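Asks: One structure, as structure tokens, below. Some questions next.
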Amino acid sequence: MFKFNDDKGQLKCSFCGKSQEQVRKLVAGPGVYICDECIELCNEIVQEELGTEEEIDMKEIPKPVEIRKILDDYVIGQDMAKKSLSVAVYNHYKRINSGAKIEDVELQKSNIMLIGPTGSGKTLLAQTLARILNVPFAIADATSLTEAGYVGEDVENILLKLIQAADYDVEKAEKGIIYIDEIDKVARKSENPSITRDVSGEGVQQALLKILEGTVASVPPQGGRKHPHQEFIQIDTSNILFICGGAFDGVEQIIKRRLGKKVIGFGADFGDGVKGDLKAGEYLKYILPEDLLKFGLIPEFVGRLPVLATLEPLDEETLVRILTEPKNSLVKQYQKLLSLDGVELEFDNGALLQIAKEAIKRNTGARGLRAIIEQIMLDMMYELPSREDVNKCVITEETVRDKVKPQLLTKEGQELHEETA
């Protein structure tokens, strides 16, 4: 350590050795001095070590309209779901900032249930919301959960994932978002309560009730099962937003029966303005909590998820828009990858439509688009880095449908003729 003064009696920083004239400010302590530059450096080191706590300020929470606009940049279609989520999320964080009480009125949590087919954007919506709000986010799979005391994961392990996402900052994690996927898989096998143990169905729903509503949970820091001789992380779940998602295959039949199965005549009215000639996927928008009870969720569980948002199956037009429009769309990602090798990539309209048709045929929704494009692009991504004569690669409808090689063009625009793949 440097002396705080030299032989001439000039004051110096005890850490870096700079004199009083060389710095803006020198702060005195008992027998030591520290300059403003060293204070700033120490502050940066402490912040890196401990992490900066980011309080969610009401002024910083985007309004529902703003949340919706940002969701539009990443998620195509699903307008009603985006509207419902924007309002629910805004109200949730407004509730946190108000201290959950306004003039002695207690504001209840508004956890969300997302219902829609595979690949319709449930997980992406939840991820994007967490990114917009800059809060910790964790995804859990309901199929891996079991009731306490049985082989499988305890529900508290869901909270551990959130704590890990917050770098073990519990206070930050307490304002995070947890997405529980495949929640329909924990429905009990029949509408009537079971006399036997249903450890991966009704038992899991019962175990989730407390953390959904809000409780101080004890979480094992290393995950796994609890045992008496270990320390626990205490986390209050009152302000954690839970979003549960599932495809709920078969619930449309339940809705259809409720609306009135025996309607005679094309275009007949079910009542309440609901037409009888609805297509598959269109019944979901008329879902009610009672339909979820018939599906196999217990009343207490449905009650903890008051916001119901449904997602529509994706048609060809929407899938084409998903391929091209979002900020991080698949087409833009692959164009960027090839541009790093000096090759321009183009998908013609026929190719995009054919990719969308293939995804619908596979019944994978938007989730299957990457696998299809990866299959199409594999040979090109293998060959093109070594091809200095290629300036542009065009994926055509024939490339997707008939496995024909893409069009390869030189800088002069001349086509390089390739053999069929």
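Glycine is treated like the rest: Cβ placed from N, Cα and C.
Given the structure is predicted, the values throughout are model-derived calculations rather than measurements.
Residues annotated as domain 'ClpX-type ZB' in Swiss-Prot, with sequence analysis given as evidence: 1-54. Annotated Zn(2+) binding site per Swiss-Prot: Cys13, Cys16, Cys35, Cys38, in sequence order, evidence recorded as sequence analysis. The feature ATP binding site is assigned by Swiss-Prot to Pro117, Thr118, Gly119, Ser120, Gly121, Lys122, Thr123, Leu124.
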Asks: Taking the centroid of the Cβ atoms of Pro117, Thr118, Gly119, Ser120, Gly121, Lys122, Thr123, Leu124 (ATP site), which other same-chain residues have Cβ within 8 Å of it?
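Replies: Apart from the listed residues, the neighbours are Gly116, Gly245, Leu311, Gly365, Ala366, Arg367.
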Asks: Excluding Cys13, Cys16, Cys35, Cys38, which residues of the same chain place their Cβ within 8 Å of the centroid of the Cβ atoms of the recorded Zn(2+) site?
Replies: Ser14, Phe15, Gly17, Lys18, Val23, Leu26, Tyr33, Ile34, Asp36, Glu37, Ile39
Asks: For Cys35 (Zn(2+) binding site), what is the secondary structure state per DSSP, taken as helix, strand or coil?
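Replies: Looking at the DSSP assignment, Cys35 (Zn(2+) binding site) belongs to a strand.
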Asks: Mean pLDDT for the domain 'ClpX-type ZB' (1-54), rounded to an integer?
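Replies: Here the mean pLDDT over the domain 'ClpX-type ZB' (1-54) amounts to 74.
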Asks: Please name the residue among the binding-site residues Cys13, Cys16, Cys38, Leu124 whose C-beta has the most neighbouring C-beta atoms within 10 angstroms.
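Replies: Within the set of binding-site residues, the most crowded position is Cys13.
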Asks: By CA distance, which of the binding-site residues (Cys13, Cys16, Cys35, Cys38) lies nearest to Thr118 (ATP binding site)?
Replies: Cys38
Asks: Tell me, by DSSP, whether Thr123 (ATP binding site) is helix, strand or coil?
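Replies: Its secondary structure by DSSP: helix.
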Asks: What same-chain residues, at least 6 away in sequence, bring their CB to under 8 Å of the CB of Ser120 (ATP binding site)?
Replies: Gln78, Leu311, Glu312, Pro313, Leu314, Gly365, Ala366
Asks: Going by C-alpha positions, which of the binding-site residues (Cys13, Cys16, Cys35, Cys38) is nearest Pro117 (ATP binding site)?
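Replies: Looking at Cα distances from Pro117 (ATP binding site), the smallest one goes to Cys38.
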Asks: Please list residues from the chain of Lys122 (ATP binding site) whose Cβ is under 8 angstroms from its Cβ, counting only those at least six apart in sequence.
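Replies: Those within reach of Lys122 (ATP binding site), by Cβ under 8 Å and sequence separation of 6 or more, are Leu114, Gly116, Tyr179, Asp181, Gly245, Leu311.
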